[in-house]
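K.L.:
Here it is: the structure, laid out below.
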Amino acid sequence: MQKASTSAGAKTAGNRKMQKSPNNGAAKAQKSAKTVDTVTDSELLYNPPAFLTAAEKERRKYLQARVRAEGESASTSSKSNATRPTDRKRHLQAEDPLPADANNNDTNKGGKVAQESASTQAAGTTKRKQPRSQGLEQTSPIMVNGEALACPLVRKSLPAAEAAKSCPLPSKKDSVTKSPMTVHEAPKVDSATSNSNEKQLATMPVDIHKTDSIEEGRRVLEWLINPVAVNQFFADFWENNACVVQRKNPNYYSKLMSFKMIDDILMRNRVEFGTNLDVTIYRNGKRETLNPEGRAFPSVVWDFYAEGCSIRILNPSTYLLGLRQVCSIMQEFFHCLVGANVYLTPPNSQGFAPHYDDIEAFVIQVEGRKRWRLYEPPEKADQLSRTSSGNYDQKQLGEPIIDEVLEAGDLLYFPRGTVHQAITEKGHFSLHITLSVYQQQAYANLLETLMPIVLKKAVKKSVALRRGLPLHTFHVLGEVQRTNRCESRDQLVENVQKLVSKYLMPSTQDIDEAVDQLAKKFQHEALPPIILPEEKVRTVFGSRSISDQEGNSVCDYEFDTDTSVRLLRANILRLVNEDDGSVKIYHHVNNALEYCKYEPNFLEILQEEAIAVEVLISAYPYYITVDQLPLKTVARKVEVATALWEHGLLMTEKPFK
């Protein structure tokens, strides 16, 4: 196996330490001296004092043991007693206040999941049905001992969101007339239940280099859809029903994006119209795209915005580290590319015509507010559609199944094939992010890859499939001949059906091969991993060569049989046996931030070396020593481990220096 040179240009993300909030600091200043001197659990974990009492040392050991525990789920202990809903009219709200999150939100200033009171509902509309309690299980943000440690992302990566002076943040939500819909509420949680549930909540990992990337992706999804439990989300909503989460917590997603960040992106980067940014408007019942040619300078973009046009950034994760981290971590959980678009809409405007998409959509309202209306797919064949639709006219749409206003901190999920449109209200702009998941991930995509494989193998094995068609085939089969009922036609149809049933049943090996091809496609599409500081010192991304007195290059690493290694991520590579007999490792370590900008990255290895990669895949997330690689010689074991590490695919348990 040939060694690779050290990868250049690898960027690192911030660490996972807590940031101190000005709000939290002010709150602490108002406490008594006794309260100030008390060391919190968060401080014990991440910023312990120089001198600890015996009790504090024991408490710190206990907390460290808790956060290291693997397999801890974020679900609550109580089960939902409600039956599974069958309609698509979903609206999740919770009543109890949640602790402050990573965005430094004060619990006394809107750190709650929003719930409309009965009086507000009555004032909004008399048509709306009274809510029915569904008995949803409630989860909380990432916590330790009741303190929310935050959005599970790298801190210090982005500044706090700021609203543009011309577009102040909207006031509190006022009454909005809505279509009648069933509201499913989260039940109140008493203090006893809340305390018991805290033991099961996911916590901020301490040993970053030992975490499971799939579980990290699940943890980010949990934060995204909180207070809906992940298991409940997949049981009740995923690919079936829309879900609305309202929080009255405008800062919940503020670390990801802001109005000001858009201006910074335009100023600091060469953003191209049509490639990176679209200017759209919906007027007279039609959507118009108004992209000029060339670079999207800030002054030009804001002129369009001032005229009522919507701004869509097509690849925001290229420019925003925090958003990129959300996408790159979630793609580990979903095993597919997680894309993102940013939409900025001026007041009293609509940028897009009603349509449906071919993705599972998570709409994250970051700033402002926007009214969303969702409709059933026009045709049954449009449900879970594999392609996006054209634009619909308002006359083609029926009554909306959901008509809701999203405010900053709210979230809306809806399945692919759901017709939707959104409009801002007078006096209120909107900034939201749409995360797109599960595009072209259906069984149909697997079968499209699988059946050619099956047919190719069957043709080689079966003479019957290679025999020529009868001479009269064109005269008895075809669209024109469909009303022609004759014995020869029926016999030909029966022959084709028998050939399919006899020779085209896929084997397990065929299915494995097809799935490998889909996974290879994911490696080409995926975002590159963000390497954290704890990972950088254990990977090639932190390696630096030096020169000795004679000018020779000296590496700062050296593998031996006792070196412990593991894969960088659970899905960082795919081992594929190609048709020509070669064995290749496809990976996304060096992928571009732009979609499929480069050709797929791969390493070609020897057939006898594949078993070593298989062992590494099976061992993840645990470390194994180089000596445990099932290769014949020690030299080959060290060579293979070194080569994989030099390509950025492996991480050592301990830094070399």
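Including glycine, each Cβ sits where the backbone N, Cα and C put it.
Keep in mind the model is a prediction, meaning the values are calculated, not measured.
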K.L.:
Where Swiss-Prot shows HIS355, ASP357 binding Fe cation, which of HIS335, HIS420 is named for the same site?
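P.N.:
The record-listed residue among the candidates is HIS420.
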K.L.:
Other than HIS355, ASP357, HIS420, which residues of the same chain sit close to Fe cation? List them in sequence order, counting a residue when its Cβ is within 8 Å of the Cβ centroid of the site.
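P.N.:
Leaving out the recorded residues gives PHE352, PRO354, TYR356, ALA361, SER388, SER389, THR418, VAL419, GLN421.
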K.L.:
Tell me, how many other CB atoms lie within 10 A of the CB of HIS355 (Fe cation binding site), whichever protein chain they belong to?
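P.N.:
If we count other Cβ atoms within 10 Å of HIS355 (Fe cation binding site), we arrive at 15.
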K.L.:
Once the chains shown are all counted, how many other Cβ atoms turn up within 10 Å of the Cβ of ASP357 (Fe cation binding site)?
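P.N.:
Taking every protein chain into account, the count is 20.
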K.L.:
Enumerate same-chain residues with a sequence separation of six or more from HIS420 (Fe cation binding site) and a Cβ-Cβ distance below 8 A; give 'none' if the list is empty.
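P.N.:
Within the chain, HIS420 (Fe cation binding site) has Cβ neighbours under 8 Å at PRO354, HIS355, TYR356, ALA361, TRP372, ARG373, LEU374, TYR375, PHE414.
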K.L.:
Can you give me the average pLDDT across the domain 'JmjC' (315-454), rounded to a whole number?
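P.N.:
Residues in the domain 'JmjC' (315-454) carry a mean pLDDT of 95 in this prediction.
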K.L.:
In the domain 'JmjC' (315-454), how many residues does DSSP put in helix, strand and coil?
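P.N.:
Final tally across the stretch: 35 helix, 47 strand, 58 coil.
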